[in-house]
Ligand SMILES: C[S@@+](CC[C@H](N)C(=O)[O-])C[C@H]1O[C@@H](n2cnc3c(N)ncnc32)[C@H](O)[C@@H]1O
């Protein structure tokens, strides 16, 4: 996968060289480039922003540097790929969007700043993505979040210390509780079933606890989830158990 990011703060992307993402780049699984669109300004002072027509506080990113930086991406990569604008007005980012983006061979992100973008910049864009209902100072952190969640889904990205298969949201449910050694720590015991070696029982316990966690913490996820007969039975048990504990 090739990833280009258009930003005026390229140094903010230093964390992308660490941890899993760093290894993924080192191994050549992702060709990661940050392009400072200030380098593409044609004005004497290398300004990337200007005042807002019609008045109003703050400054807006001008179209010219971003259009020219995008032309540079196209010239070097052969295409722009899927062009993602980080913007509070965009589609809310979630695991499904990450799964969709992980299918692409080329992603280009545009990170905004100041009051945001001149509206014409949106003509370059295929997707607008928001991290949530809050306002960040810039699109860099948003781009890094989207890139991290997407890249970890690529085949071979996680190595053998992690797996995305049972992650929360991948299955449509939150992940079940997990434990590592020791079997007892400060009086807190690992559930017996996990030490039993009985794979079918462990599988069923995990499914039930996954359903329980989702039911208790994110019942909204269950509204769009197709329960199997077994899952429905387990959920009924969970509801009965929670009534007993009330
Ligand atoms: C200060 S914000 C501009 C906010 C804009 N005036 C508005 O009200 O929508 C500057 C930049 O940060 C990024 N940003 C801010 N909040 C974001 C969010 N929730 N999701 C994604 N990007 C965001 C965008 O790139 C945005 O252009």
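Cβ atoms are placed via backbone N, Cα and C, with glycine included.
Any TrEMBL annotation is an automated prediction that lacks curation.
Marked as domain 'tRNA methyltransferase TRMD/TRM10-type' by TrEMBL: 1-223. Per TrEMBL, the feature S-adenosyl-L-methionine binding site maps to 112, 131, 132, 133, 134, 135, 136.
Feature map: TrEMBL annotations on the structure.
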| residue | record | contacts (Cβ under 8 Å, 6+ apart) |
| --- | --- | --- |
| 112 | S-adenosyl-L-methionine binding site | 61, 85, 86, 87, 138, 139 |
| 131 | S-adenosyl-L-methionine binding site | 86, 92, 93, 141, 142, 145, 146 |
| 132 | S-adenosyl-L-methionine binding site | 92, 93 |
| 133 | S-adenosyl-L-methionine binding site | 88 |
| 134 | S-adenosyl-L-methionine binding site | 88 |
| 135 | S-adenosyl-L-methionine binding site | 88 |
| 136 | S-adenosyl-L-methionine binding site | 142 |
Which of these binding-site residues (112, 131, 133, 135, 136) have a C-beta closer than 6 Å to some atom of ligand 1?
112, 131, 135, 136
Mind looking up the mean pLDDT for the domain 'tRNA methyltransferase TRMD/TRM10-type' (1-223) in the predicted model?
96
